[in-house]
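Asker: This is the feature table in TrEMBL:
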DOMAIN    173-475  domain 'Phosphofructokinase'
BINDING   G180, R244, G245, G269, N270, G271, T272  ATP binding site
BINDING   N270  Mg(2+) binding site
SITE      G271  site 'Important for substrate specificity'
BINDING   T298, I299, D300, M343, G344, R345, E399, Y451, M452, I453, R454  substrate binding site
ACT_SITE  D300  active site, proton acceptor
Amino acid sequence: MMASMSHVITLHGVAPSNRYCRRFSHSNPRFMTMAVPTRVATVKSQSCNSKSTAEIDFSDPDWNTKFQNDFEDRFRLPHVTDIFPDAPSMPSTFCPNSRTPRTNDFPGNYPLDENWHGYINDNDRVLLKTIRYSSPTSAGAECIDPDCNWVEQWVHRAGPRGKIYFKPEEVKAAIVTCGGLCPGLNDVIRQIVITLEIYGVTKIVGIPYGYRGFSDQELTEVPLSRRVVQNIHLSGGSLLGVSRGGPGVSEIVDSLEERGITMLFVLGGNGTHAGANAIHNECRKRRLKVSIIGVPKTIDNDILLMDKTFGFDTAVEEAQRAINSAYIEAHSAYHGIGIVKLMGRDSGFIAMHASLASGQIDICLIPEVPFNIHGPRGVLSYLKYLIETKGSAVVCVAEGAGQNLLRKTNATDASGNTVFRDIGVYIQQETKKHFKEIGVHADVKYIDPTYMIRACRANASDGIFCTVLAQNAVHGAFAGYSGITVGTCNTHYAYFPIPEVIALPKLVDSNSRMWHRCLTATGQPDFI
């Protein structure tokens, strides 16, 4: 019997990524612990998540050259010519000056406009890191070696190429949205369809309800065109629906073959991208000319190497409503305490940024920074201090924070994630209990806006971001790439091999300037 998608992802979806980075065990089974060869020194890695380490033989005088060569090899983008060396290319049919193909007798005619210089050269690169740290002790320093020597690391610039490897009239493109809801899904769907049509593609479909749509006989393809998607960005949710889990990789690729799909655009987070990478590898194994392109969708902003993911800005903005409500409730009550729980299983970016933006948070708790609830240096003790000095307090906590304080569950969701207990409810209950025990009145209010935030429409910033991500996803597919995802790196759009961004989740560095700024804004102490 074919394994479920979540099982396949665990076994095959995450290929060994950075041979200088040690993976770590995680509650989600898609993050596997791997052995790493022993080397001379252990320092923070510039190309990894800040919690990872690099092990390099720095006694080798050519270590930096070897590191760069290894980096370039790992970040090389899989291409259709890897499997089909003689695959023909043709001049691009994409022209921003027109919303229709450039020739009257299209399809079949591919003239190249030599006078237009709007295409991206395949050798264009984007610098991955822009800060040159002088010392490992600098705040947020990400160093490769103990002396923090500068080593340039470049990734591929995203955008339209002058040569394409798919004839638009022969393409059947499909879009699938997986995981949970996130602001901006409809914006991405819409712009993928519009950009495909500009290239000249006429066969575009949506796969309903995530990977499940590839196997469930009751679910049929959704025909897509500009007319269908024209106004879908004006509402939240996903036109195609979402779900977690799904069939096995082999079954999905069988479905791709049966449907004649040659381009698949996958919108989702780490687990979804692991599935997309497994699908890509299976297509290559079967020698199928299919392009698999990811668009990173995670409201938690926990994808490695990227500035941010779509939906994050909207989530931070919408969280302000909940925080302001909690502040008003707390400020208006006698000894009022407002508690707001925000999204963030492994990464506290939303809680941190929302706290910074609001200016109304006294305590921000995130998964990356341990804390105690009880004791003289605990959260409850500080809440008592705030009540005595300010008369009220507001707490912002990420959903994955303080899970070590709660009794673990053995349950997992369809994506293989451990089901967390509610840290917000726990803090609410412990706060009420504590103040009752010490004989101090406290009016505690708890707000969980999670589903209100997930279901809302993308704001202007995310709307622009989603539009450009979608355009570049289509450009990458026509350029012949597969097994890649698109994102921003130092404000520039770039392509990344999927294994490099799913090796582990991006986390808040507790020594970063941004976390220090948050602590300065809240004024909170350490709770250990």
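In case you wondered, yes, glycine gets a Cβ from its N, Cα and C as well.
Automated prediction, rather than curation, is the source of TrEMBL annotations.
Predicted, not measured: the structure shown is a model, and the values here were computed from it.
In the displayed structure, how are the listed features positioned relative to their neighbours?
Answerer: Take the CB of R244 (ATP binding site) and look out to 10 A: across all protein chains shown you find 21 other CB atoms.
The Cβ of N270 (ATP binding site) has 30 neighbouring Cβ atoms from other residues within 10 Å, across all protein chains displayed.
If you draw a 10 Å sphere around the CB of G271 (ATP binding site), it holds 29 other CB atoms from the protein chains shown.
Packing around T298 (substrate binding site) is summarised by its Cβ count: 28 other Cβ atoms lie within 10 angstroms of its Cβ, all protein chains included.
Taking Cβ-Cβ distances under 8 Å and a sequence separation of 6 or more, the neighbours of D300 (substrate binding site) in its chain are G269, T309, F312, M343, G344, R345, D346, S347, F349, I350, P505.
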Asker: For the binding-site residues G180, G245, G269, G344, which Cβ has the most other Cβ atoms within 10 Å, all shown protein chains included?
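Answerer: Neighbour-count leader: G344.
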Asker: Reported as an integer number of Å, what is the Cα distance between M452 (substrate binding site) and G180 (ATP binding site)?
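Answerer: So the Cα of G180 (ATP binding site) lies 13 Å away from that of M452 (substrate binding site).
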Asker: Sorted by position, what residues of the same chain at least six away from E399 (substrate binding site) have a C-beta under 8 A from it?
Answerer: K341, L342, M343, G344, R345, F420, D422, I423, G424, T450
Asker: Tell me which of the binding-site residues T272, M452, R454 sits in the most Cβ-dense spot, judged by other Cβ atoms within 10 Å.
Answerer: T272
